[in-house]
Amino acid sequence: MASEILVNLHEDLTCPLCLELMRDPLSLDCGHSFCQACIIMNNKASMTSSEGENSCPVCRSIYRSDNLRPNWHLAKVVERLKKVKVEEGQKTDVCERHGEKLLLFCQKDEMVICWLCERSQEHKGHQTFLVEEVVQHYQANVKAALERLRMQQKEAEKFGDDIREERAFWKNQMQTERESIHQKFDQVRRILDHEEEEELQKLQKEEEDVMCHLTEDDNELAQKSQLIEELIADLEHRLQVSSVEMLQDVNGIIKRCEKLTVKRSKTFLNKQRKGSQAVDLRGMLQVFKELRELADAQRYWVDMTLIPMNSSLDIVISEDRKQARVEKKPTRAHHVRNSVFGFGMGSEFSNYQHKGINSGYNPIRGSLCINSGKHYWEVNVSGKTAWILGVCCVRRPDLNMGLNFNQIELQNVYSNYQPQYGYWVIGLQNQSQCTAFENDSSFNGVNLVLFQTIPPCHVGVFIDYEARTVSFFNVTNHGSLMYKFSNCCFSTTVCPYFNLKECANPMSLCSPGS
């Protein structure tokens, strides 16, 4: 109650202009009071009439500047209020029970007490200290706790930033996935629309063919019907005329009647076969399955660069190391070094070059080294008439790819591309023939022809290290599966492998959908 009265009194003694307790208060004719400095400054700032009149800042009543009166009573009340506030602040250092100053600190009860409290039964036997002796120690503890809390606050703010960043990342990830799903289903719808259009066009063509045949049959039937009517009329006429007239060319007309036959058209005979042709739903379902497989594989897309596997000057790498092409230089002897990872391309390969086998041998590896997990990359081979790509093992130099180059005939340059030698690759030969290079008991290996209805411009490569599989997708043809190596023996680290062959057109890495 007392505090509420003091608050109200403080408001009454506050200057309306500076909002502080009034200093040297002056009262106007209207009864409102202000600090002397505040009201004088207000008079100077406001418009004063020629008679020296001003208006009250509170009620706008007119007053004369020379009628300002000191309010001594109000000034005394302000001073008493200030004194009461000081005394209120001093009371916090006094024991409420004994009225003595609080000079001691009870360590057990963790409270400040007076000397009478120390002797009371409540604090008897407790260890006490002078306030000034322990205040610095506890101030240090409070500061340390404050510092820890501020550090925790910073951690919380950082954690909040991480959460917001994570939320933004996942929202972006989900949006990307959402767009990918829309894109895949749009692709499916385009395929369905295309298949539907093709089936309708086939049906339209079949209908036109049938109608054309039926029209021809109808015209032929009309001609034969007219001829039959003419022959019937002729024969009926002969039966009604004289014998001499009837016998005129009688054998000729009888032969004409015997030769005339009406046969059923093949259009009717083939009706059941034509009508039984159905949409190849199984084929479309296979396309959708392969699309799903490609979409699942593309989730593991990795960004990488191209690295030549030898020092051949025929290979030119782009500045971003995403594209490579063959640029023929004047033939001159040059030494080919072993690669950093030791692919077994040492002096024997150099000798191999001197024999003229370097033509079309331009190997490149990807910067990605794989010894676990799932990985996908995509290669743009559009415009190239020959290429090889896939996965190869990172081998020691002394293994020499398991081959003796002296044993390889010149026409057998593809024989080293076999899984048993650490290569799981496919390629394009003879400008249009896609081939998978498989193992064989003979030294030459087996080249499996991969029939492609649409030539691949983009080829996707997917490796599942734990499942021991390498898959190749024709991204150009709705992601159809070109070939899949199973039960691969990844005895060591593997990496992406590319061979530009002799074609001058570039080969480049690309991201899905580009």
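Here, residue 1 is simply the first one shown, and the rest follow in order.
Backbone N, Cα and C define each Cβ position, glycine as well.
Per TrEMBL, these features apply:
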DOMAIN    15-60  domain 'RING-type'
DOMAIN    90-131  domain 'B box-type'
DOMAIN    284-514  domain 'B30.2/SPRY'
Beyond the flanks of the domain 'B box-type' (90-131) by 6 or more, those residues with Cβ under 8 Å of it: none
Residues in the domain 'RING-type' (15-60) grouped by DSSP into helix, strand and remaining coil: 10 helix, 10 strand, 26 coil
The domain 'B box-type' (90-131) - residue tally per DSSP class, helix then strand then coil: 13 helix, 11 strand, 18 coil
For the domain 'B box-type' (90-131), the mean pLDDT of the predicted model: 84
